C-alpha cells in the first residue's frame, strides 16, 4: 500500500468510527457524539498501529491496557471493540443505551468485552490508569528475567478537558510523575469545549507546563486529526521509558459535522437526521447506518494480528516456565487471583495461642499485627497510606517502600486520598496484586466516589480507615467521624467492618482478602479496646457479620453494638443483670454481611419481637432500620467536640450506665 492509499484507508477507518458513534447516538436519542467524532483519528492511529491486544482473549495478561477516561465518549470505544473483532456484534451497537445491552451509556467493566474499567466520573479513569501502570511496573520487576520480559505492556489513556479540571487529575498525575511510570501514555483531547461552552473562560491552564512540572514527558501541539503526526507522537512516547507521557492533541469536537462541529451543542445531544445526512455527503460516506464497508471492516480487523501477538507471548512464557518454573507458577496463581493455600495459618495461630492480638489493643494495632502475619504469605499484597502510615499502622516489618525502579510492596501515596483510592482500583483491575490503603475514617469522604466505583466494578480492594469515632478525642469534630460509617454502608456491594477486638479484626482481614467481588472497609479504633472470650462456634460466626457475644437464658432485651461500643454494651448488660434484667449482647462488625445471611440465622441472633437497643458512636438513623419502630438507637447525631475521649463518651451519653438506663426505659414503655 503506498502512502496516499494508506492515508485514504486511515481516513475511511476514522470515518467509520464517526458514523457508528453518530448513528448510535441518533438511534438512542441520547448520548455524546462530539468526543468520539473528534477523537476518531486518535483512536484509529492508536488501535490500528500501536495497541497490542487480542480481541479473542480480552484477559491476555500482557495486553496493552486502554482506558477511556472521558467515558461519555463510550460509543468510540464500542465502535473500536466491534471493528477490531471483540465479541460485540453490530446488534449491540444498535442497542446503545438500552436496558441490558452490552453498550451502556458509559463503559462498564464486565458488561462489554474489552472494557478495562468503568469510567464516567471524570478523572477516575486517568487515576485508574496510573494504578494499572504502577502494577505493570511492579510485576515486571518481580517476574521478568533476562531474556524473558513476561510483563511488558503499556497503559494508554484518552482524556479530555473535564478530566484535567478534576482535582483528582492533579493527585494521580503528580504521583505518576514521582513514580516515573514510563509506560503510561495519555492522549489529551484538547478540543476547548465543555458542556457550558468554550473552556477558555474557566480552564486557562498551561497544561503542557503543568505536566512538565509533574515530571512528565510532554509532546505538545499535536494535530489530533493528522494521522502521521499522531503516529510519530506515539512512537516518541513509547521510546520514553523513564517518564509518563502526555500527548496534547488539538482536535475539533464533532469533527465532520458540517454545521455543528466545534460547538458545545455537539457534546451531549444527537446531531439530528439532517446534520448526519449532510455529514455523509460532506465525507463521501455512502454506507447506511450501522453498516461498515467491506474494505474498512478488513482494515480494522485485528483478530489475526492479536492472535499472533498472544501466541508469540505464549511461546515465550512456555520457555519461561522451563527456565523459571517457580516464578511461572506464582505468576499464573496471581494472574488468576487465587490466594495461596494456607495463607491464613500464621494469623489463625495468633488466635489459637496467647498473643498480643488477644490482649487489650487498638484495632488499628490489631490490624497491623494481622498484616505482619499475612504479608509474608501473600506477596501480592500492596500496601500504602495517604501520608498516615504511622497513624494507620498499615506498614509491617516486611514493608519495602516502592521506588523508581519498581521494587517494593508499599506505596507512600502522599496526601492524596482520592488519588490513592482510584489508583488502588487500577491496581486491582490490572491483576496480580491486592491493594490496601489507609487514611483517617473522616477522610474517607475524599475517597468515597472511588470506593463506590470499586463496589460497582466488584474489585478486591481494602480500605483501612482508622481513628473511627469520638474515641480519637482532642482533634475535634473535623477529625471525628459521625456519618461516615452509615455513608459507606449505603454503597451497594461495599462491606464495612467495624471490629471490636483483635479476633474480629483478624476475621475482618480474612473476609476482605477472600472476597473476590467487591471492596471492604476496615473501620478501626485509635484507642485500645478490651478483648472478649469466645467459644469456637462464636469465633466462627464472626465471619457471618453478626453473632451473639453474650447470651443469657430468657433475654428480655438485645443490645447490638459495633467496634469500641461493644465493650460499653457488655458492661451495660452486666448493669442490667444487677437490676434483674437479662440482656443479650450482639456484636455486629459487618452489617451488610449479617443481612446477607439466611433469615433463620438472623432470627436466632435477633429474635423477632425481642426489644433491641443499638449502640454505635455515629449517626443513629441507619440503625433505626435494625432496631425497628419499637427499638432504640443510641449514637451521635451532631458533630463531635474537642475533648478527651472519656469526656466525650460521657457527654454524648455513650456509657454503660446510659445504655442500661435507656434499655430499662425501653422495657418500661414496651
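Cβ atoms are placed via backbone N, Cα and C, with glycine included.
The active site, proton donor annotation in Swiss-Prot covers 417. Annotated substrate binding site per Swiss-Prot: 32, 267, 364, 391, 467, 475, 526, in sequence order. As annotated by Swiss-Prot, thiamine diphosphate binding site applies to 72, 120, 121, 122, 162, 191, 267, 443. Among the features that Swiss-Prot reports, Mg(2+) binding site is placed at 161, 191, 193, with the record citing similarity to another entry. Annotation source Swiss-Prot lists site 'Important for catalytic activity' at 32, 267, citing similarity to another entry.
When the C-alpha distances from residue 72 (thiamine diphosphate binding site) to the binding-site residues 193, 391, 467 are tabulated, the minimum falls on 193.
Here the CA atom of residue 161 (Mg(2+) binding site) lies 13 Å from the CA atom of residue 121 (thiamine diphosphate binding site). Neighbours of residue 364 (substrate binding site) among the recorded positions 122, 191, 193, 417, defined as a Cα within 10 Å of its Cα, are absent: none qualifies. Across the residues annotated as binding substrate (32, 267, 364, 391, 467, 475, 526), the two Cα atoms farthest apart lie 48 Å from each other. Looking at 161, 417, 475, the recorded positions in this record, the fewest other C-beta atoms within 10 angstroms of the C-beta turn up around 475. The local packing around residue 122 (thiamine diphosphate binding site), expressed as other Cβ atoms within 10 Å of its Cβ over all shown chains, amounts to 22. Among the recorded positions 193, 267, 391, 417, 475, 526, the ones whose Cα is located within 10 Å of the Cα of residue 443 (thiamine diphosphate binding site) are 417. The local packing around residue 191 (thiamine diphosphate binding site), expressed as other Cβ atoms within 10 Å of its Cβ over all shown chains, amounts to 27.
A Cα-Cα distance of 11 Å separates residue 191 (thiamine diphosphate binding site) from residue 267 (substrate binding site). For residue 467 (substrate binding site) paired with residue 122 (thiamine diphosphate binding site), the C-alpha to C-alpha distance reads 30 Å. Sequence-distant contacts (6 or more apart, same chain, Cβ under 8 Å) of residue 162 (thiamine diphosphate binding site) comprise 70, 122, 123, 194. Of all the recorded positions in the list 120, 161, 193, 417, the shortest Cα-Cα distance to residue 391 (substrate binding site) is found for 417. Following the DSSP three-state reduction, the secondary structure of residue 193 (Mg(2+) binding site) is strand. The two recorded residues, residue 526 (substrate binding site) and the residue listed as 'active site, proton donor', show a Cα separation of 19 Å.
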